[in-house]
Amino acid sequence: MAATLLDVCAVVPAAGFGRRMQTECPKQYLSIGNKTILEHSVHALLAHPRVTRVVIAISPGDHRFAQLPLANHPQITVVDGGNERADSVLAGLQAVAKAQWVLVHDAARPCLHQDDLARLLAISENSRVGGILASPVRDTMKRGEPGKNAIAHTVERADLWHALTPQFFPRELLYDCLTRALNEGATITDEASALEYCGFHPALVEGRADNIKVTRPEDLALAEFYLTRTIHQEKA
């Protein structure tokens, strides 16, 4: 049986720019309330007692991170990220070589709920592979004609899930799978896809659909609404 209740390290790839936000400032440094999106995302991880360290992979030319309180936080380590997400995650994993389990969380996903995080972390009691937070697809899904704004066909939504983060895996397994997948030229869109490529089947842990990733300008107001609602609920 897998080890239980071990301390967990987290990796947050934050070297991207996010051009779809249509701003000069990288999206992770946009503010919601009195904190940046990155700060909201990291603090949600550190709020759980099992998460003892967070490694943030930033762009080598990043001058904004040093201005944040996170830069002096005793549980934060900063590493240089790479050109692609997988490169940044690997850099983060190298910084926590002794960790047994690691979370990987999007820098621009600030609305993580603690009950979702707790359910995800609990899978380490019985799993040797790990899993991800995910939300069942509820809308009707259409596949488009290649290169056209026209419907090709309807996709059966049964058993379809939206992949969320955090994603949670044994550190050595994730490192080995990412390294192999990249070396063999596989397309890696998230950490789970690297494990899938290597023949593993991570668990799906249902999470809240409001755990959104801020990708487009309209997402900022929505994330602010969700965060404000959560704060009010916690104070009630």
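All residue numbers here begin at 1 and follow the chain in the order shown.
From the backbone N, Cα and C atoms, a Cβ is placed for every residue, glycine too.
Summarising the annotation, Swiss-Prot assigns site 'Transition state stabilizer' to ARG20 (among others).
Taken from Swiss-Prot, the feature site 'Transition state stabilizer' applies to LYS27 (among others), supported by sequence analysis. In the shown protein chains, 26 other C-beta atoms lie within 10 A of the C-beta of LYS27 (site 'Transition state stabilizer').
What Swiss-Prot lists as site 'Positions MEP for the nucleophilic attack' is ARG157 (among others), and the listing cites sequence analysis. Within the same chain, residues at least 6 positions away in sequence whose Cβ sits under 8 Å from that of ARG157 (site 'Positions MEP for the nucleophilic attack') are VAL137, ARG138, ASP139, THR140, MET141.
According to Swiss-Prot, the feature site 'Positions MEP for the nucleophilic attack' maps to LYS213 (among others). In sequence order, ASP106, ALA108, ARG109, THR165, ASP219 constitute the residues six or more apart from LYS213 (site 'Positions MEP for the nucleophilic attack') in its chain with CB-CB distances below 8 Å. Under the three-state DSSP scheme, LYS213 (site 'Positions MEP for the nucleophilic attack') falls in the coil class.
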